[in-house]
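Pulled from TrEMBL:
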type     : residues         : note
ACT_SITE : His191           : active site
BINDING  : 131-147, 195-202 : ATP binding site
DOMAIN   : 100-254          : domain 'Fido'
Amino acid sequence: MFKPKYQLTPKILANISQIERFYGQLEAIQTPLKLELDVEKHNLIQSSYISNSVEGNPLSYLEVSNLLLGDRVPANRNEKEVRNYFDILKKLGNYAHQKLSVSQVIEAHRELLTGTNDEIAGRLRNKKIVVGRYKSLEGKTKLLIKHNPPFYRSGQIENALKELLNWVSEEKEIPAVIKTGIFHHQFVYLHPFEDGNGRICRIFTALILLSSGYLINKYFVLDDWYDIDRILYSDKLHTADSGDKTEWLEYFTDGIKYSLQSALSRYSTSFESMNFENRPTTKEKEVLKIFGIQREVTASELAIKLGVSRQQAHSLLASLINKGFVSKKGLTKSSYYFLKKRGERV
């Protein structure tokens, strides 16, 4: 039975508190649909670029953006790697309510490596390997071994992976960000495939957060944190190889906190750069504040609260609908209006 070892240090507890606060601020941001979709598209592209770049893919961010925004057929292996990753991320929400399984992981791996490494795509490792990186020392290139995965037979790996995934699905007491961080390390530690482990791990890290109610990729991405210092990311991961995951979890929760702060800043910048005609007016901001208190509002109720005529209330609501902030339900006098929430625009 999988039983992780770690301590909830003051740093981790403080990070969890700040994560909840920052995520709440993100949820409360009122943005038009177009801006929201632009931010989500940016997040998906950024995640696809960084996660592949960390593993050695040479494409630049501009090249990745042009490939994914142009929606063209990949011309080589590097482009195919990025496209496969992007396609998996786009449909991640389809799996958010499914129980994690080994077959799910294998299928994602098959899709990730199809067209780039077909011989091992969707196949659990059945050989010994070492995990490390090459470094030039005294004029010679040497392999610095960081980790020997505990199992090398596919049957052993499948059992260990199944145990981990069952633990993730059944564990309800541990905070979601801690559980996700534990999964992230343990998956890399098991190293179930010959290639693609890091990318699959980051995909399922996002999926677990998504299943726990964090709208990752729609609101924020974690990959920008890993990209700051890729060697540090690897080193912190391997601090948990001895069994105690505390130091790794401090780093991991630092990352979620950083990514949420970055997302808040990005939304603020994007909002300021909106076309003037798409920004809410001063009066429309008053309407949005009312929606923040009252989930559903009729035009008559709004007129009373704002001290304006019913016609003026209708005009304000119509403008907010056009700008993507508000939706209307019904066609008669009994119709009402409600704030569009990003979580409802999947």
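Glycine is no exception: its Cβ is also placed from the backbone N, Cα and C atoms.
Feature annotations (TrEMBL) mapped to structure.
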residue: His191; record: active site; contacts (Cβ under 8 Å, 6+ apart): Arg125, Ile129, Val131, His147, Pro149, Asn197
residue: Gly198; record: ATP binding site; contacts (Cβ under 8 Å, 6+ apart): Ser51, Val54, Glu55, Val188
residue: Arg202; record: ATP binding site; contacts (Cβ under 8 Å, 6+ apart): Ser47, Ser51, His184, Leu222, Asp223, Tyr226
Protein Cβ atoms within 10 Å of His147 (ATP binding site), excluding its own: 16
Assigned conformation of Gly198 (ATP binding site) - DSSP reduced to three states: helix
Mean predicted confidence [pLDDT] for the domain 'Fido' (100-254): 92
Local backbone state of Val131 (ATP binding site), from DSSP in three classes: strand
Helix, strand or coil at the residue listed as 'active site' [DSSP, three-state]: coil
Cβ neighbours of Val131 (ATP binding site) where a neighbour is any other Cβ within 10 Å: 17
